[in-house]
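Structure, as structure tokens:
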Ligand SMILES: Cc1cc2nc3c(=O)[nH]c(=O)nc-3n(C[C@H](O)[C@H](O)[C@H](O)COP(=O)(O)OP(=O)(O)OC[C@H]3O[C@@H](n4cnc5c(N)ncnc54)[C@H](O)[C@@H]3O)c2cc1C
Ligand SMILES: NC(=O)c1ccc[n+]([C@@H]2O[C@H](COP(=O)([O-])OP(=O)(O)OC[C@H]3O[C@@H](n4cnc5c(N)ncnc54)[C@H](O)[C@@H]3O)[C@@H](O)[C@H]2O)c1
């Protein structure tokens, strides 16, 4: 038996009708609704992402309130606010966003419950960041072991590298289980009540979960996340036409796979598949691959991550129709010109991965009971994540964080938004600076970024009337990168020469995802280049790439006295 929640989630998975907000593809939307199929690469299996724990609808942990406040359940009539509450804070959705909010809430002394309709951990832990990074850890090693040139340069000899597909798949699956348990245990240990069942908002400060359990809270956070977005005309069967949910299980490594969409998911999976022996064809609607990245970094990434690998691509085209393989026939993909909509080509491949963005999961949440109308499925919020109703007013005590509000679809952004909300409900005003939130694509080598791209910075400069300068440093000049024989890389700084403000930093190269934090922390804390350039970095480390970057910037403003003062130890 599947829980009704899991069923609704899985049907939503293949019948998403809401496009990602940034894409002008309305004519191609409305995917056909079909249940995810059961056979994939010869293995019979259940394709629904269900766990047995989702079947029970009970409280899995209960602790005494962390705060001594007397909270009594007193339900008002539907639609009216209760007078006293079961909890200080209820969070709907135990993904990374909900988890981050819950942990911060108990730290702040709030009596907190989190309601989860499926399994703890949400997308990131079960179907996203965690299993994908496990696959990428394998692809990175395979790539290194297969590169004769690279190994020879280090003086190494290794006989042919191989892999066991099931072993790789198990690594990803085991990691997800481990992290899911860690998340669950951390919440239980701190006294967060984990309530199991689908939640529906009944009115202000009131939520139903499971069959007919009712709870009230002073404040409520919606953190219901997202599901893969499948454009109209594409039939997902879960075996030959798949989304990331299926691909992460690695039930098959196709000889030739088309990847529709060259964003984060497409790019990361191209790294995995090509390392494991597949040929990849990208299908990208916009005129260039990786359209979301800074164009200069995108070009370099194409030179290193695409051109030398078994990857070809079609840009400026939509995959308007994709039919799964059947009766010995391959997967067929109809391509139309993105502008004229004329037929361009028909491809025949072994499999297709649909990586065309994510859609918010907000169906059936009961938003109508608080007069909220979603925007393409996303819950409208202000800069403090406060929910905005259909009349443009703030809904008291209601917040929405993470993928469901569409501000920034990243795990750490969801968690940071949750922490920001908890700060507010515990009396400290807090506005999260989204321009300080870093992002990374975990290819080999990695790409990372924070703040604005160069075109965005130039546009802002024109409107606001300031100059933009660019500084760059190469990994080729970095001792540690050269010692690793990984000199291919670039760091780029976009900044204001008049006052030293960091507008954006983009890195392509070894461990770029770890290196970006010096820049993102500087933006978050308002640190200027003329100050950070005096910070000392250990030698030889990759962090010196950023040290060089800040030092090479030409800033007119003087350093603050705090930095230039000499302290005698
Ligand atoms: C393949 C892939 C790789 C990714 N890699 C990265 C990465 O490396 N780094 C990164 O930062 N981000 C990554 N992401 C994005 C990241 O996973 C999401 O941004 C993040 O999971 C969003 O967290 P969330 O808490 O908003 O939602 P989710 O993680 O989606 O969690 C929402 C939870 O709410 C539950 N829920 C929904 N509706 C209800 C309801 N009515 N009642 C009760 N429970 C409900 C769901 O079951 C789910 O558990 C990746 C995504 C994918 C798909
Ligand atoms: N490392 C990470 O942080 C990471 C990894 C994976 C996913 N994610 C998150 O998950 C979300 C979803 O990732 P994604 O890669 O699916 O989305 P994305 O928005 O990054 O990229 C989607 C790409 O598909 C293209 N596209 C859309 N419809 C198309 C069509 N019909 N035909 C051809 N091309 C089409 C778009 O132009 C775009 O380039 C992202 O918002 C990202 O933040 C993050």
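Backbone N, Cα and C atoms are what each Cβ position is placed from, and that goes for glycine too.
If you look up TrEMBL, you'll see 87-418 marked as domain 'FAD/NAD(P)-binding'. Taking the domain 'FAD/NAD(P)-binding' (87-418) as a whole, pLDDT averages 97 in the prediction.
The feature disulfide bond is assigned by TrEMBL to 124-129. The secondary structure of residue 129 (disulfide bond), as reduced to three states from DSSP, is helical.
According to TrEMBL, the FAD binding site annotation covers 133, 224, 225, 226, 403, 409, 410, 411, 412. Proximity of residue 225 (FAD binding site) to non-local residues of its own chain (separation of 6 or more, Cβ distance below 8 Å) is seen for 93, 95, 97, 122, 123, 360, 361, 402, 403, 404, 414, given in sequence order.
Sequence-distant contacts of residue 265 (NAD(+) binding site), defined by Cβ-Cβ distance under 8 angstroms and a gap of at least six in the same chain, are 132, 244, 353, 355. Annotation source TrEMBL lists NAD(+) binding site at 261, 262, 263, 264, 265, 266, 267, 268, 284, 357.
Among the features that TrEMBL reports, domain 'Pyridine nucleotide-disulphide oxidoreductase dimerisation' is placed at 437-548. Helix, strand and coil counts from DSSP across the domain 'Pyridine nucleotide-disulphide oxidoreductase dimerisation' (437-548) read 41 helix, 29 strand, 42 coil.
If you draw a 10 Å sphere around the CB of residue 539 (active site, proton acceptor), it holds 10 other CB atoms from the protein chains shown. Sequence annotations record features per position, and here TrEMBL assigns active site, proton acceptor to 539.
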Inset, instruction - Determine the C-alpha span of the FAD site listed in the record, that is the greatest distance between any two of 133, 224, 225, 226, 403, 409, 410, 411, 412, in Å to the nearest whole number. - result: 22
Inset, instruction - Could you say which of the binding-site residues 284, 403 has its Cβ with the most other Cβ atoms inside 10 Å? - result: 403
Inset, instruction - Measure from the Cα of residue 284 (NAD(+) binding site) to the Cα of every one of the recorded positions 124, 412, 539, then give the nearest. - result: 124
Legend entry - Environment of 261, 262, 263, 264, 265, 266, 267, 268, 284, 357, the listed NAD(+) site - residues of the same chain whose CB lies within 8 A of the CB centroid: 259, 269, 290, 355, 356
Inset, instruction - May I ask which of the binding-site residues 261, 263, 265, 267, 284, 410 have a CB within less than 6 Å of any atom of ligand 1, listed in sequence order? - result: 265, 410
Legend entry - Among 124, 129 [disulfide-bonded residues], residue with fewest other Cβ within 10 Å: 129
Inset, instruction - Indicate the candidate from 261, 263 with the smallest number of other Cβ atoms within 10 Å of its Cβ, considering only these binding-site residues. - result: 263
Inset, instruction - Rank the binding-site residues 267, 410 by the number of other Cβ atoms within 10 Å of each Cβ and report the first-ranked residue. - result: 267
